[in-house]
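**Q** I have a structure I would like to understand better, so I am pasting it below and will then ask my questions one at a time.
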Amino acid sequence: MAESFEGYVERIVFRNAENGYTVLSLSQEQEELTCVGTFTFINEGEYIEVTGTLVEHQLYGEQLKVESYQVKEPEDAVSMERYLGSGAIKGVGPALAARIVKKFKLDSFRVIEEEPERLAEIKGISERKAREIAEQFEDKREMRNAMMFLQQYGISNSLGLKIYNEYGPTIYHVLKENPYRLAEDIKGVGFKLADEIARKAGINVNADFRVKAGIIYTLSLASQSGHTYVPEDLLIRKASELLGLTIEEIEKHLTDMALDKRLVMKETEEGKAIYNSTLYYMEMNCARMLLDLNLSYQVDIPAMERRILGIEELDEIELDEMQRAAVVEGSRNGVLIITGGPGTGKTTTINTLIRLFESEGMDIMLGAPTGRAAKRMSETTGYEAQTIHRMLELKASVEDGEGMHFERNETNPLETDVIIIDEMSMVDIYLFHALLKALVVGTRLILVGDINQLPSVGPGNVLRDIIDSKSFPVVELKKIFRQAAESDIVLNAHKINEGKQIALDNKSMDFFMLQRMDVNQIISVVIQLIQEKMPRYVHAEPYDIQVLTPMRKGELGVERLNRILQQYLNPPDESKKEKEIAGGIFREGDKVMQVKNNYQLEWELTNSYGIVVEKGTGVFNGDCGIIKEINFFAELVTVQFEEEKLVEYRFTDLDELELAYAVTVHKSQGSEYPAVVIPVLSGPRMLFTRNILYTAVTRAKSCVTLVGNSEVIKYMIENVNNQKRYTSLDKRIEEMNGMI
Ligand SMILES: Nc1ncnc2c1ncn2[C@@H]1O[C@H](COP(=O)(O)OP(=O)(O)OP(=O)(O)O)[C@@H](O)[C@H]1O
């Protein structure tokens, strides 16, 4: 039976910041009552009325399971003082609260609300502070009301706060008029949640804005799978499934939305293609800018070849015919693409190009899409390489409302003669667009990559489309050089790519297959490999040995493997603090990965004296680090990323991190590890493909160990289930180049 109690919140015993689950101690006249439930923004010292059922907890005795609660405005002087001094109002502690209430007595709250300037009559309160107190007082009240309101729609605390911060008091209006705005404006609110809110708010299922929001959402889902457009019938079908409406009810909105420029419809040979406008114009602008860069330079070829020969002599290397062709093309053209698999001499070619351009006094910049790829490029070329984000000077300015942007763009272009980008297969259309915008005609652009790697996570198939457009010089390196050919990793990678079976007989020095048919056996072998065998074999730390698997779910999926590997590689220890998160825990010492691009997150680089020597923003999808500290007081987790960058995560932002003892092959793109261990037993056909195996194997520098069923490996080599990406940069280039 439900009962009601009133009292002060004496103490917040526990609070889960993510879902608002709280245990608090309520002080009543005689005794204290423990209350558990989901409370939004209740501070110690507040006076509340709670309703719920009294239950007997095995360990903690009697407690109230709260079903609903209400914050009561304090009505007597003691309560007012208690509330003001509770910490709810920043800058007002118990002493100041006591002075306020002593002066204004029962009138205290009214004064704060209506005549805040009078607060300045109190010692220790300036006029400015008086205003601040009044503003906070007002904000707190409104925010609390808004939170309670949002709670009805099942919105958690942290999300509620984000929503409130975006709309402020207009939130009620937004929810009533068009809750789908939330899906567009707020990170963390998807169409599904907005739709749920709309349903609760009684909005019609075939309301125009619902259908339109559903269509935009379908396009955005497609872009998350890498597509820049969707064929019309497929789009209509997907949207109709999502919205539960007929094909006709969807179809009739498309033209309207095209007129409003929310989407673009384009006739193609295969029917109509529908684009989110932004993506359409991005492809189009990329095509234009790339063609603009594609100048031909007059070069004295014999003289150029002599210069190349000179560099070869100095470097004591003899370039292969194709490599030399690449260097010559690089000097003759504004745009050049160099592709090739592992060990085909891409880096050696880049190095010769750098030498050549340098000898002509040109400025060169090197870039790659991820931190790890940039680091590797620096190591192999001996020149400083940066991430493309850094090169373009990504700035996140939340304060001025601009959000994130690149400082380098058409009005402030990169001042350099040559730009070389490595791991180009990972660059999506957004990043490529940003890069091209920051280049002026006359800058040479050299794009290097392996088209057989998995395409970018983000939308686009940029490298392949540029090659397919047949509008730019492309040099494909095929020969595997002797040194590389000594490695079975390289040889097997090429075989896999060509669809040839590989020898799994363990005669190799760097490529092993451990046949195990049982999940538990596989896991125990993986642990042994990481803890003992591999670190010794490749002279690395256990943390550098990376487990790669195609899938997230399942007995050998990333999620389960991480939980198990954490137990063995970073077990619980009294000296290590732990923070519970949805579905697991983070512990000091854990290996973690950032799982989305966060352009606003700040990092700091300190020197050995702990002094900050550099600061910046941006932590990206796939960046790995170690948890250095968990601070419960400040509610922060500090992670040390590559190159010793320190990043602080608020507890509420921990959903951006995941354990990284095991990662998916997709997330490992662009990274290289001393050794990789790949458990393979069974899983969805779509994920057991040649492409995935190729990418996984090519992540290893010194050793690959496959653990599981060799038949599955054979199957993967045969399974060319390359899912089609709907992208059209190639078509836009061809159109603009007058080819179609
Ligand atoms: N022309 C050449 N003659 C002899 N050896 C070469 C030549 N070009 C490259 N190599 C050697 O072949 C190996 C692979 O070359 P390189 O690192 O340039 O290839 P890559 O395509 O960048 O490889 P990966 O993609 O694996 O990094 C290196 O050991 C390099 O020294």
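Just so you know, glycine gets a Cβ as well, placed from its N, Cα and C.
Annotations in TrEMBL come from automatic prediction, not curation.
Not my notes, these are from TrEMBL:
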BINDING   G343, T344, G345, K346, T347  ATP binding site
DOMAIN    332-481  domain 'AAA+ ATPase'
**Q** Looking only at T344, T347, which of these binding-site residues has the biggest number of Cβ atoms within 10 Å around its Cβ?
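**A** Buried the deepest by this measure is T344.
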**Q** Give the number of CB atoms, excluding that of G343 (ATP binding site) itself, located within 10 Å of its CB.
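**A** If we count other Cβ atoms within 10 Å of G343 (ATP binding site), we arrive at 23.
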**Q** On the DSSP side of things, how many residues of the domain 'AAA+ ATPase' (332-481) fall into helix, strand and coil, could you say?
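**A** Output for the domain 'AAA+ ATPase' (332-481) reads 49 helix, 39 strand, 62 coil.
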**Q** Would you list the other residues of this chain near ATP - those whose C-beta lies within 8 angstroms of the C-beta centroid of G343, T344, G345, K346, T347 - in sequence order?
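**A** Sorted by sequence, the hits are G340, P342, T348, T349, L477, F481, A484.
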